[in-house]
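Here's the structure, in structure tokens; my notes come after.
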Amino acid sequence: MVARVAGVFDEKLTEAIANSKLLVVGAGGIGCEILKNLVLTGFPYIEIIDLDTIDVSNLNRQFLFHKEHVGKSKAQVAKDSALSFNPNVTIVAHHDSVISNDYGVKYFKQFNIVMNALDNRVARNHVNRLCLAADVPLIETGTAGYAGQVELIKKGLTQCYECQPKAPQKSFPGCTIRNTPSEPIHCIVWAKHLFNQLFGEEDPDQDVSPDTADPEAAGDAGQSALSNESTTAGNVERKSTRAWAAETNYEPEKLFTKLFGDDIRYLLSMENLWKKRRPPTPLSWENLPGKDAPKIQHSGLPDQRVWTVYECAQVFAASCKALQTDLKSRPGDDHLVWDKDEKSAMDFVTACANIRAHIFNIPLKSRFEIKSMAGNIIPAIATANAIVAGLAVLRAQSILKGEIESCTSVYLRPKVNHRGQLFVPEKTLTPPNPKCYVCPPKPEVALACNLKKLTLKDLDTAFKEGLNMQAPDASVEGKGLVILSSEPGETEHNNDKTLEQIGLNDGCALLVDDFLQNYEVRVRLQQEDEENSWRLVTDTDEPMPAPKAAENSANGSNGAKDPAPGPSRSRQDSDSDMEIIEEDDDEPTMKPPKRRRVEMSDEVVEIC
């Protein structure tokens, strides 16, 4: 295409493009735009990875997808649509998770550039680490409403994705919220959308669940919808959730049965979604977990106790009636506005979020935690996606020309700044953070904990949630003793033993590695008698923020027991600023040979 037109690019760039191989991770809003730009530019070989299928909510901003594509693989449809622009390009589509064993360092090394179009922090961390290990330039992209950013990540030259602590993620794709939640915040956003659908200002983009009129997936579930005629504008008509609820007089049992029973069974019929994810479990109003469980005393404040699913259902029923009464008392077409300080509204969101979390095997949260986590979802804007994708491809061209020093971060502002700029570039490349726990040659971090209380299972949680690892293996430095293995069955018999009981003491150093990410970090254990959980420490004078509340690791737990050790923040805010100690003069420490894990649970939700 453009690269083949004489005079558009100089000879050096034309040749570099012709010999390049690019990887695009994510085929959603930004990914579609990037793929379109690449094929029209004339990049000859592109691979694209995306796990998800196309949802009806994607159609308004992901222009490579149309109504007839709903339920199909995003990667495959994006490939087919892009080839219609330029059939001379070779595109390899992978309907898979980038965290799969199939995409390791060797796979990444074959590409000249990797372009990230993800909205999931777990997957972004993973790609960041693999690009560092493979020493391949990574172009990281992202948007939030009308704002956006393009950033180059290059080993030893720039900061990596994990060099700086991240604020909690507040922008989530609609299909993740509606179909494949994987974190508590996804369920909280869904519950807030449900509040608006039933009692607040209705927004079609916030529809919370599939129904028989929506073409949500391939297979039997979507066939009737796909056969329906669309409107003259080409849109799919939906039945209002509020209209249906009003017909039932907001009967709690009927609402519960539809939202947490029928709709979940409908999602299960979308078979492509569950090939590599743990499927949800529908609930029945008559047979709820925790109904006959004895009430256990809780030492904390009432709002800090996690309700059982049965208690959530009772609160759901009571809050539905209270909110319905409030809505009826208002004049005309007036509606309620969600307020975290309004009891019935907060009760409703807490109950709905936790019921949905139980269904999708996600840890439940207390009312206090949900109140603190509840935030506004930021809409995806098609024009912002297009602008950021264009900037990303320009950066790719500069990299191929060897002008990597010019590839500074660029920020798209929602409105022009005081200098009249809509695009604000950094003046220079941002160097690596010396305290980063990922990109230095020998990263190290301290883990403050009570060795007499912290169990091996809690240590595994600390590595996964604090260090963002997928499959951690840990051995004692200098001894070669394996204390934690990602190989099923090797160390699980020690899960309930404390670190002291397995022979670890204050100052002990662990070599922790993740073969999926080709990542290793040295972890120093730091004994603190008063510490009831764990925290990562940058240095002895400036510890990481201590936990506010423990993460309940048991799906569906009623939370009545004393909190288990866990991170201070919700999982989506687990990026941490940790201490790195350079030890260039030390000899490398021998460690046991790395084992590959045969099976893995792949529940990462990628771009939608």
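Backbone N, Cα and C define each Cβ position, glycine as well.
Record features (TrEMBL):
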type: DOMAIN; residues: 8-436; note: domain 'THIF-type NAD/FAD binding fold'
type: BINDING; residues: Cys160, Cys163, Cys436, Cys439; note: Zn(2+) binding site
type: ACT_SITE; residues: Cys175; note: active site, glycyl thioester intermediate
type: REGION; residues: 201-240; note: region 'Disordered'
type: COMPBIAS; residues: 224-234; note: compositional bias 'Polar residues'
type: DOMAIN; residues: 337-371; note: domain 'Ubiquitin-activating enzyme SCCH'
type: DOMAIN; residues: 447-531; note: domain 'Ubiquitin/SUMO-activating enzyme ubiquitin-like'
type: REGION; residues: 533-608; note: region 'Disordered'
type: COMPBIAS; residues: 549-560; note: compositional bias 'Low complexity'
type: COMPBIAS; residues: 575-587; note: compositional bias 'Acidic residues'
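For the recorded Zn(2+) site, residues Cys160, Cys163, Cys436, Cys439 set the reference point as the centre of their Cβ atoms, and the other residues of that chain within 8 Å of it by Cβ are Leu132, Gln159, Tyr161, Glu162, Pro432, Asn433, Tyr437, Val438, Pro440. Cys175 (active site, glycyl thioester intermediate) sits 28 Å from Cys160 (Zn(2+) binding site), taking the CA atoms of both as reference points.
In this structure, Cys436 is the one among the recorded positions Cys160, Cys163, Cys175, Cys436, Cys439 with the smallest number of other Cβ atoms inside 10 Å of its Cβ.
Assigned with DSSP, the residues of the domain 'Ubiquitin-activating enzyme SCCH' (337-371) fall into helix, strand and coil as follows: 22 helix, 0 strand, 13 coil.
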